[in-house]
Each structure stands twice: as C-alpha cells, then as structure tokens.
Amino acid sequence: MKTPVRVAITGAAGQISYSLIFRVAAGDMLGKDQPVILQLLEIPPAMEALQGVVMELNDCAFPLVHGIITSDDPNVAFKDADFALLVGSRPRGPGMERSDLLKANGAIFTVQGKALNDNASKDVKVLVVGNPANTNCLIAMKNAPDLNPRNFTAMMRLDHNRSMSQIATKTDSHSTKVEKMVVWGNHSATQFPDIANATVDGAPVKDAVDNDWYVNEFIPTVQQRGAAIIKARGASSAASAASAAIDHMRDWALGSDGRWVSMGVFSKGNSYSIDEDLIYALPITCENGEWKEVTGLEIGEFQQKMMNATEEELKGEKEAVIDLI
Ligand SMILES: NC(=O)c1ccc[n+]([C@@H]2O[C@H](COP(=O)([O-])OP(=O)(O)OC[C@H]3O[C@@H](n4cnc5c(N)ncnc54)[C@H](O)[C@@H]3O)[C@@H](O)[C@H]2O)c1
Ligand SMILES: O=C(O)C[C@H](O)C(=O)O
C-alpha cells in the first residue's frame, strides 16, 4: 500500500465539490492504489453543510480514504498538502462574465496563496478552478513567493474536453479519437479553441469540417458553453467541472501518455511570444509529475489574432487586480 497523500479542496460544501470530493475519494484522480487524506476548507457559514458532506463520505466507506480534516482556516486545510484544488469562490449568474467576479473572488486567492506558501508541501500541485480561474491563479501564485510558479495551474480542461466532444459529434466519431486539440489563453469568452493541429481518427480535423462551422459555430459554442449551461441549469456547470479537475490533476500527477492537454500555466519562458507574466493556457504534455509546453507549433494569422485577443484580456484582468499581486 502506498503512503497516503494529502489532498486539500476548498469550497468543499459547494456544487462542484459535491461531485469532486467523492471522485477523488474513489481513486479517479490519483489511482485506485493511492490512499488520500482529504483536507476540506469552507467558510464558517458553510461548516455545518460540510459536516453533512463528511457524513456522506463516511457512509461510502471508501477504502482509499485514510483521514478527513475539515477547517475554516486555510493554514490548517493546506498543512503539508500535496495537491490543492482551489474551487471555493462565487460562481457567476446569468448575464455576467467571469471577470465580473474578480472583485468578489480575487481577495480569496491572496489569503490562500499565502497559506499555501506557509503550509503546503514545497512540491504541492495547485489547480485553480474558482473563476476567473487564470487571474485567481496568478494572484495565488504571486502570494506564494517560496513556491515554484510551475506548481500553480488554472483549469482549462473543461474547455478542452468540451472541444473534443463537439468535434467528435460533428465528425461522427468519439472524443477518445480526437487528439492534439489546443485551447489557448483565458478561461473566458475570449479563449481560443484551436483545431489547426487537431486530428480525429488520425486525420486532420480541419479537413473534416468546413471553416465556416469552425469559425462561426464551433469556436463560439465552446467559448459560450459555460453561459449556455447556466441558462439551461440555472446554476453553473458542476459535475463536468469536477470531471475536468480530475482529468487535469490525474494527467499532471500520473502523465498524459504523450497526449496534448490544455492547462493554464505561468507563461514565463513560453515559446509563443505571449506576455511572460500571465497564467495563459498552452498545449501541454505531462510526464513524471511535470508539465511541459508543446513547442514549435506554427502559428498562422488567424491563430495569432485569436491568441492576442485572449492575451490582451488577461493583461486587463491583471491590471484590475494589480493591488493583490
Ligand atoms: N474553471 C472552470 O472551468 C470552472 C468550471 C465551473 C465552475 N467554476 C467556478 O468554480 C467556482 C465554484 O463553483 P461552484 O458551482 O462549486 O459554486 P458554489 O457556490 O456551489 O460553491 C462554492 C463554495 O465555496 C465556498 N467558499 C466561498 N469562499 C470561500 C473561501 N474563502 N474559502 C473556502 N471556501 C469558500 C462557499 O461557501 C461555497 O460552498 C465558481 O467560481 C465557478 O465559477 C470554474
Ligand atoms: O461559465 C461559468 O461561469 C462556469 C464555468 O466557468 C464554465 O465554464 O462552465
């Protein structure tokens, strides 16, 4: 039996966590042979609801769960954490953009960045899910000067998975047959789901779909999918967001087997001339617990325009929270 690892999850009584925690506990994230100690963070008004979640976790009698800690203090929840999934923050409602949440949520990530810096394992792998995820991740990273910036990532995997699913449906194939999809930039309406290198059943996607569908249907559908779910469900995506978080962390920890994934990462040293002080989604492969940028892709005029637009938005978000970083 492996030694248990510590998995901290914030917003643990919320919608996403209600799916996420149970999947982590079942071994979907780190493997069926990896015991976990769950370290669950909430704010004081939600601690009672969190106790209900813990009762349900206990009632599952998960073989891999070797301890459950609950707290409203990030210094306790992040103590020696090997993995930290920062979910806790307000979701947007109808008619809002994710960046409208910066004022409400940004400050959460200064406190949590400091607490990670002071308490977590030096190798902690951090995934920011709470919106606006990229800029919240930048805030947390900047408030954790003793941790390697490479430890901080933002979730773009939901956008990546949404793209693969849309392509599979359009080409009458299956999402597992779609490879080399890239979603660049911000988890927002400016994100750029790019099919230039993507293949389906080994053949170029761009030969299988027409450009009009790509530009006028596919890209806006992926960009607006979060808003479409809010409109339909009356609440933001939760189970699919949890599933994407599981995919992101699993691949980072256990490897992506050469498959490309999209992750929001610190842009310093990137090979696509993107501003070097952002959390920007790039094409990534993961191996031996490390992520690596896919380099050397040719960038055409349309791609450059789309990549610049999402970069500009991220620069604007950063300016809006400059006092927090
Ligand atoms: N990056 C993505 O792809 C993606 C996808 C879906 C949702 N999200 C975002 O994830 C966040 C959570 O969504 P949800 O549906 O679970 O929301 P929710 O409102 O159901 O749950 C959020 C939980 O966070 C808790 N919380 C608030 N402040 C906290 C703090 N300082 N410390 C710890 N916990 C705190 C709340 O008490 C609540 O229980 C939202 O910001 C949402 O927009 C991101
Ligand atoms: O759209 C939202 O606000 C929730 C989430 O970021 C999503 O993409 O579903």
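From the backbone N, Cα and C atoms, a Cβ is placed for every residue, glycine too.
Taken from TrEMBL, the feature active site, proton acceptor covers His187. As annotated by TrEMBL, NAD(+) binding site applies to Gly11, Ala12, Ala13, Gly14, Gln15, Ile16, Ser17, Asn105, Gln112, Val129, Gly130, Asn131. The substrate binding site annotation in TrEMBL covers Arg92, Arg98, Asn131, Arg162. The domain 'Lactate/malate dehydrogenase N-terminal' annotation in TrEMBL covers 5-152.
Features per TrEMBL, on structure.
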residue : record                 : DSSP (3 states)
Gly11   : NAD(+) binding site    : coil
Ser17   : NAD(+) binding site    : helix
Arg92   : substrate binding site : coil
Arg98   : substrate binding site : helix
Gln112  : NAD(+) binding site    : helix
Gly130  : NAD(+) binding site    : coil
Arg162  : substrate binding site : helix
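As a summary of secondary structure, the domain 'Lactate/malate dehydrogenase N-terminal' (5-152) carries 67 helix, 28 strand, 53 coil according to DSSP. Contact annotation for binding-site residues (Gly11, Gln15, Ser17, Gly130) versus ligand 2: none, no CB falling under 6 Å from a ligand atom. Around the Cβ of Ala13 (NAD(+) binding site), 23 further Cβ atoms fall within 10 Å across all displayed protein chains.
Within 10 Å of the Cβ of Gln112 (NAD(+) binding site) there are 28 other Cβ atoms, across all protein chains.
Close to Arg98 (substrate binding site) in the fold, though at least 6 residues off in sequence, lie Arg92, Asn131, Pro132, Ala133, His187, Ser188, Gly226, each with a CB less than 8 Å from its CB. Among the binding-site residues Gly11, Ala13, Gln15, Gln112, Gly130, the residues whose Cβ lies under 6 Å from any atom of ligand 1 are, in sequence order, Gly11, Ala13, Gln15, Gly130.
Counted over all residue pairs in Arg92, Arg98, Asn131, Arg162, the record's binders of substrate, the longest Cα to Cα distance measures 19 angstrom.
Taking Cβ-Cβ distances under 8 Å and a sequence gap of 6 or more within the same chain, the neighbours of Gly130 (NAD(+) binding site) are Thr10, Gly11, Leu86, Val87, Gly88, Ser89, Asn105, Ile108, Phe109, Asn136.
When pLDDT is averaged over the domain 'Lactate/malate dehydrogenase N-terminal' (5-152), the result is 96.
A simple Cβ count within 10 Å picks out one of the recorded positions Arg92, Arg162, His187 as the most packed, and that one is His187. The number of other Cβ atoms within 10 Å of the Cβ belonging to Gly11 (NAD(+) binding site), over all protein chains shown, comes to 25. Looking only at Cα atoms, Arg162 (substrate binding site) sits nearest to Gln15 among the binding-site residues Ala13, Gln15, Gln112.
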